[in-house]
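Below: one structure, written as structure tokens.
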Amino acid sequence: MDVEELKKLVAREALKFIEDDMVIGLGTGSTTAYFIRYLGQMIERGQLEDVYGVPTSHQARLLALEHGIPVVSLDEVDAIDVAVDGADEVDPSLNLIKGRGAALTMEKIIEYRAGTFVVLVDEGKLVEYLGKKMPVPIEVIPAAWKAIKEELEIFNARAELRMGIRKDGPVVTENGNFILDAWFERIDDPLDMEIELNTIPGVVENGIFADIADIVLVGTRDGVKRLER
Ligand SMILES: O=C(CO)[C@H](O)[C@H](O)COP(=O)(O)O
């Protein structure tokens, strides 16, 4: 089974968490894209009713509309029942690094508030400690990017301004900000680091999601493994 098949496997498994009358946080990325597609198919077949999606990005919103999922914004709902999203790294305590898609701020806003946050990954994303393979994306106010990049050296992190592909210059987030990708040696205390990074003036949000995931569905060659906090 290749990685795409593993993504489809966990995306199908995540449907088991969805029931009629639910408000669902719709994550960003290629794995969640499969989930959104399958969710739309269930609605089309009449297997789910009165389900609404709260998108975490333009990508999620466009996909939801394409697949017939009614979309609402966060300020139109009283609660989010379940949120489903991918991740870039997952440690043994189910702390995450997210934000390869530069949508980390809205993802965290929505997923923090979800009754149940379900994370979809393939087994290659399980790591012994955060920072092992991936940088921590940090959304910053554009005027502050260089000062913050220098301040990150205090945390022994080497940061790069994320540049656009098929766009000249830096990536600009949906909130009009820049992304610094910060490479750490290793992150031993994710919750502490998440809080610390957000105290730097000019940081809008960072991609460490400590103590937020409730369930991680891991796609493996032997099927879906379910991890719970
Ligand atoms: O955090 C994200 C976007 O901001 C994604 O959920 C994360 O990067 C995983 O993406 P994919 O499922 O494509 O591997």
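Cβ atoms are placed via backbone N, Cα and C, with glycine included.
Note that this is a predicted model, so its numbers are computed, not measured.
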Per TrEMBL, which one of Lys125, Lys132 shares the substrate site with Thr28, Gly29, Ser30, Thr31, Asp85, Gly86, Ala87, Asp88, Lys98, Gly99, Arg100, Gly101?
Lys125
Sorted by sequence, non-Thr28, Gly29, Ser30, Thr31, Asp85, Gly86, Ala87, Asp88, Lys98, Gly99, Arg100, Gly101, Lys125 residues with Cβ within 8 Å of centre, substrate
Gly27, Thr32
Close to ligand 1, in the sense of Cβ under 6 Å, among Ser30, Lys98, Lys125 as binding-site residues, are Ser30, Lys98
According to DSSP, does Asp85 (substrate binding site) fall in a helix, a strand, or coil?
strand
